[in-house]
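S.K.: OK, Swiss-Prot features for this one:
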ACT_SITE  HIS89  active site, proton donor
BINDING   PHE22, ALA57, TYR58, GLU59, THR81, VAL82, ILE83, PHE114  5-amino-6-(D-ribitylamino)uracil binding site
BINDING   GLY86, THR87, ARG128  (2S)-2-hydroxy-3-oxobutyl phosphate binding site
Amino acid sequence: MKVLEGIVTAPNAKIAVVIARFNSFINESLLEGALDALKRIGQVKDENITLVRVPGAYELPLIARRLADSKKYDAIVALGTVIRGGTAHFEYVAGEASSGLGQVAMQAEIPVAFGVLTTENIEQAIERAGTKAGNKGAEAALVALEMVNLLAQIDKA
């Protein structure tokens, strides 16, 4: 039986990180985690990482699609935070960001790691950005690298 599993080291991978500015005080922690994971664990060279800032989580899919279509990147890491408020806005933004990023991955056939926090309150967001619940930015970066390696293995198999 042949078993394919990805690894998280990818020193030559070209990675785009797309980050929303809205809720930047949380997103910057996600970014720190993602960059640390890419460089320290994934051994990705600094010159192989491109950072793109967008206004909010709703804008992530369009920019991710443009980056994917450029064929310059092996994977995209999308980072942002959507916190539930008193209106339906949360559902629209969170749903469109999630659905849109998934569509980019499927249509462009490139890993798009979902590092967008969708939380009930600010406390949950802070916990997931590097305190009690780990750093979801770092986790998304490692998912991207593992998927790059797994797709390469499938192509060789």
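Indices start at 1 and increase along the chain as displayed.
Note that Cβ sites are derived from N, Cα and C of the backbone, with glycine treated the same way.
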S.K.: Look at each of the recorded positions, HIS89, ARG128, and point out the one with the fewest other Cβ atoms around it within 10 Å.
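M.R.: It is HIS89 that, of the recorded positions HIS89, ARG128, has the fewest other Cβ atoms within 10 Å.
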S.K.: Return the count of C-beta atoms lying within 10 angstroms of the C-beta of THR87 ((2S)-2-hydroxy-3-oxobutyl phosphate binding site), excluding that atom itself.
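M.R.: For THR87 ((2S)-2-hydroxy-3-oxobutyl phosphate binding site), the 10 Å Cβ neighbour count is 8.
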S.K.: Going by DSSP, give the three-state secondary structure for GLU59 (5-amino-6-(D-ribitylamino)uracil binding site).
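M.R.: Going by the DSSP assignment, GLU59 (5-amino-6-(D-ribitylamino)uracil binding site) falls within a helical segment, counted as helix.
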S.K.: Roughly how many Å separate the Cα of TYR58 (5-amino-6-(D-ribitylamino)uracil binding site) from that of the residue listed as 'active site, proton donor', to the nearest whole number?
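M.R.: Rounded to a whole number, the Cα-Cα distance is 11 Å.
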S.K.: Other than its own, how many Cβ atoms are within 10 Å of the Cβ belonging to ALA57 (5-amino-6-(D-ribitylamino)uracil binding site)?
M.R.: 28
S.K.: Work out how many Å separate PHE22 (5-amino-6-(D-ribitylamino)uracil binding site) and ARG128 ((2S)-2-hydroxy-3-oxobutyl phosphate binding site) at their Cα atoms, rounded off.
M.R.: 16
S.K.: Between THR81 (5-amino-6-(D-ribitylamino)uracil binding site) and THR87 ((2S)-2-hydroxy-3-oxobutyl phosphate binding site), find the distance joining the two CA atoms and give it rounded to the nearest Å.
M.R.: 16
S.K.: Are there residues of the same chain, six or more positions away from ILE83 (5-amino-6-(D-ribitylamino)uracil binding site), whose CB falls under 8 angstroms from its CB, and which are they?
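M.R.: Long-range Cβ contacts: ASN23, PHE90, LEU117, THR119, GLU120, ASN121, ILE122, ALA125.
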S.K.: Do me a favour and check the Cα-Cα span between VAL82 (5-amino-6-(D-ribitylamino)uracil binding site) and the residue listed as 'active site, proton donor'; whole Å is fine.
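M.R.: Their Cα atoms are separated by 10 Å.
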S.K.: Excluding near sequence neighbours, so keeping only residues 6 or more apart in the same chain, what lies with its CB under 8 A of PHE114 (5-amino-6-(D-ribitylamino)uracil binding site)?
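M.R.: Same-chain residues close to PHE114 (5-amino-6-(D-ribitylamino)uracil binding site) (Cβ under 8 Å, separated by 6 or more) are ALA78, SER98, LEU101, GLY102, ALA140.
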S.K.: In the three-state scheme derived from DSSP, which category covers GLY86 ((2S)-2-hydroxy-3-oxobutyl phosphate binding site)?
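M.R.: Coil, per DSSP.
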